[in-house]
Amino acid sequence: METTVRKQKKNLETKKPSIYSLQLHEMQDWLKEQGEPKFRAGQIFDWLYKKRVKNYEDMSNLSKGLREKLSNSFDITTLHTLVKQTSSDGTIKFLFQLYDGYSIETVLMRHEYGNSICVTTQVGCRIGCTFCASTLGGLKRNLEAGEIVAQVVEVQRALDESEERVSSLVVMGIGEPFDNYDNLMGFLRIINHEKGLHIGARHMTVSTSGIIPKIYKFAEEDLQINFAISLHAPNSELRSKLMPINRAYKLPDLMEAIKYYVNRTGRRITFEYGLFGGENDQVEHAEELAALLKGVKCHVNLIPVNYVPERDYVRTPREQIFLFEKTLKDRGVNVTIRREQGHDIDAACGQLRAKERKEETR
């Protein structure tokens, strides 16, 4: 343990910025400072995101001097895979270790339309949702843009073996994305850029628990990214019980921000609604939810919850899920039930990391 601590301390003291944190224009600016032509930025991005090399020596069309400058200035290492769990349905959950010893989760989900990745934006989470394993242990730190980018790069490297690609992504992993707004936006722009992994903006979804000021800010961004709200309750009292953030950002104010976003962007918003047995899954809850969303351009995604040992919530019975869905549909709400994936592995958000933390403290 003492050796591990010393190694992590050394990593912190000697850490260079990640090259994966740089957007193309930032790389061009750096090259200009080094007296190098800016077209080299495109070549560097090609090595990073198309060929996905792991060291600067492989960047054969760059001069030795430029490779040395890159090596002296930026870290090219990505993430260390601690655990890789594969479900019977093809879902793969990765537990990655960061340079400072913290760990994060990333999930690859396979669909008929392609491969989707769920990325993490923070080590832990401060929001405190009572149903989520991600909040166990609290928030440790924000991820850098490059650490979020590296999750996609590492998963894409795993897919390279079978000549597959990441075709879409959701920012719904550990942490509150809008609490790490600048790094989130840097990540999205790098991944979306044609010189990056070039995942289309409309194939990316960002989810928030409801940080209202950032919703207004997000509405002004120029990326056509899908937007989702973790709602989980049809009224303020129940939402405050499930999601303490509702005490700071009240549901009526949240709905006003959502309406502004929809009117400003013209885009439909998705409401994520986890179903918790006996808590928020009754017909009266569905009726109340339909009334809350009346007139809002939206889609509701019903989520049968994964069981989390550290929490007391139970799964809603299958027939009750269908009744909830029917109640919404009968009232004109666009709704679907999320297909469960990774049910036979630690699929709940933060669950694999929580298990690893338990092992570390034994």
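The backbone N, Cα and C atoms fix where each Cβ goes, glycine too.
Remember, predicted model here, so these are calculated numbers, not experimental data.
Features of the protein shown, as given by Swiss-Prot:
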{"type": "ACT_SITE", "residues": "E105", "note": "active site, proton acceptor"}
{"type": "DOMAIN", "residues": "111-344", "note": "domain 'Radical SAM core'"}
{"type": "DISULFID", "residues": "C118-C349", "note": "disulfide bond"}
{"type": "BINDING", "residues": "C125, C129, C132", "note": "[4Fe-4S] cluster binding site"}
{"type": "BINDING", "residues": "G175, E176, S207, S230, L231, H232, N306", "note": "S-adenosyl-L-methionine binding site"}
{"type": "ACT_SITE", "residues": "C349", "note": "active site, S-methylcysteine intermediate"}
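Taking the Cα atom of each, E105 (active site, proton acceptor) and C118 (disulfide bond) are about 9 angstrom apart.
Look at G175 (S-adenosyl-L-methionine binding site): DSSP puts it in coil. The secondary structure of S230 (S-adenosyl-L-methionine binding site), as reduced to three states from DSSP, is extended strand.
Here the candidates are the binding-site residues C125, C129, C132, E176, N306. The one whose C-alpha lies nearest to that of C118 (disulfide bond) is E176. For the binding-site residues S207, S230, N306, the ranking by surrounding Cβ atoms (within 10 Å, all protein chains) places S230 first. Sequence-distant neighbours of E176 (S-adenosyl-L-methionine binding site) (same chain, 6+ apart, CB under 8 A from its CB) are T121, Q122, C125, R126, I127, T208, S209, I211.
Considering only the residues assigned to S-adenosyl-L-methionine binding, G175, E176, S207, S230, L231, H232, N306, the longest pairwise Cα distance works out to 19 Å.
Neighbour count (other Cβ atoms within 10 Å of the Cβ, all protein chains): 30 for G175 (S-adenosyl-L-methionine binding site). Residue density at C129 ([4Fe-4S] cluster binding site): 20 other Cβ atoms are found within 10 A of its Cβ, drawing on all protein chains shown.
A gap of 13 Å separates the Cα atoms of C132 ([4Fe-4S] cluster binding site) and L231 (S-adenosyl-L-methionine binding site). If you average pLDDT over the domain 'Radical SAM core' (111-344) in this model, you get 95. Rounded to a whole number, the C-alpha distance linking G175 (S-adenosyl-L-methionine binding site) with C129 ([4Fe-4S] cluster binding site) is 11 angstrom. Cβ neighbour count for C125 ([4Fe-4S] cluster binding site): 26 (other Cβ atoms within 10 Å of its Cβ, all protein chains included).
Here the CA atom of C129 ([4Fe-4S] cluster binding site) lies 14 Å from the CA atom of N306 (S-adenosyl-L-methionine binding site). The secondary structure of N306 (S-adenosyl-L-methionine binding site), as reduced to three states from DSSP, is coil rather than helix or strand.
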